[in-house]
Amino acid sequence: MDRPAIRVAERLSPEERAAVERLNQAAARADGVPALDEAATLRLRSQGTSTHLLTDHLAAETGAHLTGYARIDPADDGTRPADATADVVVHPDARGRGLGRALVEEVLSRANGAPVRVWAHGSHPAAARLATATGFSPIRELWLMSHTAGDPDVDIRTPGGVSIRTFRPDQDEDAWLEANRAAFEHHPEQGRWTRADLDARMAERWFDPDGFFVAIRDGRLVGFHWTKVHDEPVRGIGPPPVGEIYVLGVVPEAQGLGLAKALAVTGLRHLRDRGVRNVVLFVEASNPAAIGLYTKLGFRHVGTDVMYRHPGHR
């Protein structure tokens, strides 16, 4: 089979961005999970430093405007870790024809020998086979956990000297970013959020400061629980609205006081009061403390995302 033609673009037109989003929706309908997560979708809209790879291979046969897409971000632009990052998605009707492999190989060729990391959302068996065939190995797992919300059957007590209030736009951004960096110092993505990352999410239609809780001690922001409400099912979990523990963190010096539990329950009760019945969250499989907390609050493991890494050729 001939290698499919791949178009390369440093920037996408509005029409091309819309085509990628439709492609992602088609993949989500087939797989039960989108191939491009929220972070990838925001990068798609902002363009940034990404290189985009597109193919219309077999478009007439599938009826799709776009049958394959990949994105690669450089290994080091001053804000990211040393590995390049990538996303790959193939239209369901164009699978099994070597298109995914061609896109992955093109990604590797454009990484200039750097290691490359890519997420497989939903741990799809075909993604695992493609990863193995192209030299990638699994290095990280992210759990999806879900909970049918009610009044959390736990007693909470806010630690002494700590008060919990809602986030104040145009006032709390810098303090939150500082706390987020401290709470997620060793996290490869969350701890590297910039003001632009925060602003992009605050500009989204779903953003609601009334569902964004911060903990204050001695005038300093020391913890937070940012909730999110989806207006459609999340990976088959529904019906909507579906709540999410979007980000929950506590700075190191305030850990061990029960603050994470207090923040979690505060957010869950807020979601309950909004009429949200189903709640989801994503948590590192390597974080037993967080998994233990969420399990005690009634969450259960319902899905897994896997990150794969190619070692590069340096």
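Any Cβ shown, glycine's included, is placed from N, Cα and C.
Keep in mind that TrEMBL annotations are predicted by a computer and have not been checked by a curator.
Bear in mind that the values here come from a model prediction, so they are computed numbers and not experimental data.
Lifted from TrEMBL, the feature list:
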- 4-150: domain 'N-acetyltransferase' (DOMAIN)
- Val88, Val89, Val90: acetyl-CoA 1 binding site (BINDING)
- 162-314: domain 'N-acetyltransferase' (DOMAIN)
- Leu248, Gly249, Val250, Gln255, Gly256, Leu257, Gly258, Leu259, Ala260, Lys261: acetyl-CoA 2 binding site (BINDING)
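Under DSSP, residues within the domain 'N-acetyltransferase' (4-150) fall into helix, strand and coil as 54 helix, 38 strand, 55 coil. One residue stands out among the binding-site residues Gly256, Gly258 for having the most other Cβ atoms within 10 Å of its Cβ: Gly258.
Put simply, Val89 (acetyl-CoA 1 binding site) is 41 Å from Gly258 (acetyl-CoA 2 binding site) when counted between their Cα atoms. Other than Val88, Val89, Val90, the residues of this chain whose Cβ falls within 8 Å of the Cβ centroid of the acetyl-CoA 1 site are, in sequence order, Leu23, Ala27, Ala35, Gly68, Tyr69, Ala70, Asp87, Leu99, Gly100, Leu103. Ranking the binding-site residues Val90, Leu248 by the number of CB atoms within 10 A of their own CB puts Val90 at the top. Recorded residues Ala260 (acetyl-CoA 2 binding site) and Val88 (acetyl-CoA 1 binding site) have their alpha carbons 35 Å apart, per Cα-Cα distance.
Cα of Val89 (acetyl-CoA 1 binding site) to Cα of Val250 (acetyl-CoA 2 binding site): a distance of 35 Å. Residues Leu248, Gly249, Val250, Gln255, Gly256, Leu257, Gly258, Leu259, Ala260, Lys261 are listed as the acetyl-CoA 2 binders, and the farthest two of them sit 15 Å apart at their Cα atoms. DSSP assigns Gly258 (acetyl-CoA 2 binding site) to coil in the three-state reduction, placing it in neither a helix nor a strand. The acetyl-CoA 2 site is set by Leu248, Gly249, Val250, Gln255, Gly256, Leu257, Gly258, Leu259, Ala260, Lys261; from the centre of their CB atoms, other residues of the chain with a CB within 8 Å are Gly223, Ala254, Ala262, Leu263. Rounded to a whole number, the distance between the Cα atoms of Val90 (acetyl-CoA 1 binding site) and Leu248 (acetyl-CoA 2 binding site) is 33 Å.
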